[in-house]
């Protein structure tokens, strides 16, 4: 059995900031071309590559912006609508400053990253390896894994052991299966030839300054935060003791096609744990957008502070808190209190059960012990959710909660049961309801309910992507329609609950205009047209009311809320 190991990303320079030269990619010499692969992170923390044509489009937009920047002195790109490259991806926009993929119709946010690979790699040849999912479809491995599998195939290795990279799988290249080493469960794998990924000499977009833990700084430095890359052994951490590090590295190093790579290398982790250091886990003001608070009665004179917000050069006495301070004044519920409220600690730990958050055994310490510290909840503590009875490391649940809105609610990552009252990030506004006798297509036996949403521009709070920054509110008031029948009135009452819980809208990037920091729909669909359904936003639609009831239930808004 041979463990195929490889590198496909650039490395950090001495100061910790990502290197932007193509020579930092293993296998590249001098100005040899590299290929760029863009990937997005799914809800399980797996990185999934966009197809080659989509990556080509992203690179073209970035290169055009760089060329324009040489003439104008600015090369910043705010967002890239993916529908221009693939019509199937029309709802998706990549917000470049935050390295986040937004889905406009649901408000879903995913992390994205850009990696450089040698032109001779699997990416350069357009080769993608995929595993068969539970629905019978095929899901791609992240490109680093594809490259290692392709190298193993080219050198006649029969099996690739993914254990050195933190995943409990073998891949049998002869039988074309992926094997769970604990359960022996098998999934099919396949090798698919697609269009090659784009050649590039351009560096990834990022922010200026000292390297930090934000996504722009990890972009060319590996697969994610250090706590993910080196989570399996303290001996694999950078700058760990030389004796233990050398012995661990020697045991994990394998020869493959003339290349020697270490399993402890930051360049490759086949399946990351969900990266809890994502965009919204550490809200901060954007260093790209420096702006000054206005002084009363005069023009603003500001000094740029380290966090990107201008500080006033003179003290200003305000009669009431500024809008920025008001927006940032929210105090989240203490995470430890919430975790202990909904989980009961188990004294006996199930020996063979996994924690699906960190993918470690419950009998072992939490995989987030190095990323989330708590004085009262220890890495080895295991808890069971009181209603659905699913068990997890309590520290893993703490890390998951700390990555969200901190609204006092929890959602089981296994069955999606909601504990407490889930709330969203909708800005302040007003919801108005009226009725009129005209019927909607498909509902001739009743009149129409009209909902009008009013939201004005404002300042983002700590729950939003860029706290302290302004957000816009385009297209308001927004008009929506329901049939005035029994089911339509039930949907209306549930929408009122969702509105009070701030679940209807959020702050994100518009897929139609590409504008960032603007109010967009969240994960509850509305009908905004009365007399046509060509766009999917009108009537007739016989399944709409049932679909929106299911979407509301997924947010914890059910008929039980009306009875309360």
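Yeah, the Cβs are placed from backbone N, Cα and C, and that goes for glycine too.
Just so you know, TrEMBL annotations never went through curation; they're auto-generated.
Record note: among 192-229, 230-267, 306-343, 230-267 is the stretch given as region 'Disordered' by TrEMBL. Here the domain 'WWE' (115-191) has, by DSSP, the following mix of helix, strand and coil residues: 19 helix, 30 strand, 28 coil. Counting residues of the domain 'WWE' (24-114) by DSSP class, helix then strand then coil, yields 28 helix, 28 strand, 35 coil.
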